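Asker: Attaching a single structure in structure tokens format; questions to follow.
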Amino acid sequence: MAIERTFSIVKPDAVAKNFIGQIYNRFETAGLKIVASKMIHLSQEKAEGFYAEHSERPFFGALVEFMTSGPVMVQVLEGENAVLKNREIMGATNPAEALAGTIRADLADSIDENAAHGSDALESAAREIAYFFSDDEICARTR
């Protein structure tokens, strides 16, 4: 199997509840390595740019407002089938529909404040990683 990289955000709701460590533990327990990570407070411009594909959707304004409401953790995860594995760890977008044991089922309160974001494909992962990290901020995990 090929080693992939994917992008993840621990959203403001999960950061505010001190769930960063629990979420990182789930990544690592599933065999994903964290190869880049930083805490940032998204500006409106940065959030609007990241979610630009949703700009015409009715929830766009509320999404940007939520994502700028507090700090987030952005990270690059690496491992076999990283994109799919991370999406399985996160669970369904709506926590009410997420399987027990997933981040969203266990740690999220609503579809609007659902604790985590994860890339949905290799192409979006590459774009999202480049949006937040330069190549020299990503560290190879050779040990």
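Going from the start of the chain as shown, residues are counted 1 onward.
Keep in mind that glycine also has a Cβ here, set from the backbone N, Cα and C atoms.
What Swiss-Prot records for this protein is below:
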BINDING   LYS11, PHE59, ARG87, THR93, ARG104, ASN114  ATP binding site
ACT_SITE  HIS117  active site, pros-phosphohistidine intermediate
Asker: Tell me the Cα distance separating HIS117 (active site, pros-phosphohistidine intermediate) from LYS11 (ATP binding site), rounded to the nearest angstrom.
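Answerer: Their Cα atoms are separated by 7 Å.
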Asker: Among THR93, ASN114, all listed as binding-site residues, which has the most CB atoms within 10 Å of its CB?
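Answerer: Of the binding-site residues THR93, ASN114, the most buried by Cβ count within 10 Å is ASN114.
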Asker: Please compare the binding-site residues LYS11, ARG87 by how many other CB atoms fall within 10 Å of each one's CB, and tell me which has the fewest.
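Answerer: Across LYS11, ARG87, these binding-site residues, the one with fewest Cβ atoms within 10 Å is ARG87.
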Asker: In terms of DSSP three-state secondary structure, what is the assignment for ASN114 (ATP binding site)?
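Answerer: Looking at the DSSP assignment, ASN114 (ATP binding site) belongs to neither helix nor strand, so coil.
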Asker: Can you tell which of ARG104, HIS117 has the least company, meaning the fewest other C-beta atoms within 10 angstroms of its C-beta, among these recorded positions?
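Answerer: Sparsest of the recorded positions ARG104, HIS117 by Cβ contacts within 10 Å: HIS117.
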Asker: Taking only the residues the record lists as binding ATP, namely LYS11, PHE59, ARG87, THR93, ARG104, ASN114, what is the largest Cα to Cα distance between any two of them, in Å to the nearest whole number?
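Answerer: Per the listed residues, the maximum Cα distance equals 22 Å.
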Asker: So, three-state DSSP: helix, strand or coil for ARG104 (ATP binding site)?
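Answerer: The residue in question, ARG104 (ATP binding site), is helix (DSSP, three-state).
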Asker: To the nearest whole angstrom, state the Cα distance for the pair ARG104 (ATP binding site) and the residue listed as 'active site, pros-phosphohistidine intermediate'.
Answerer: 10
Asker: Going along the chain, which residues six or more apart from PHE59 (ATP binding site) have their CB under 8 A from its CB?
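Answerer: PHE59 (ATP binding site) has long-range Cβ partners ASP112.
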Asker: In Å, rounded, how far does the Cα of THR93 (ATP binding site) sit from the Cα of HIS117 (active site, pros-phosphohistidine intermediate)?
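Answerer: Cα of THR93 (ATP binding site) to Cα of HIS117 (active site, pros-phosphohistidine intermediate) measures 9 Å after rounding.
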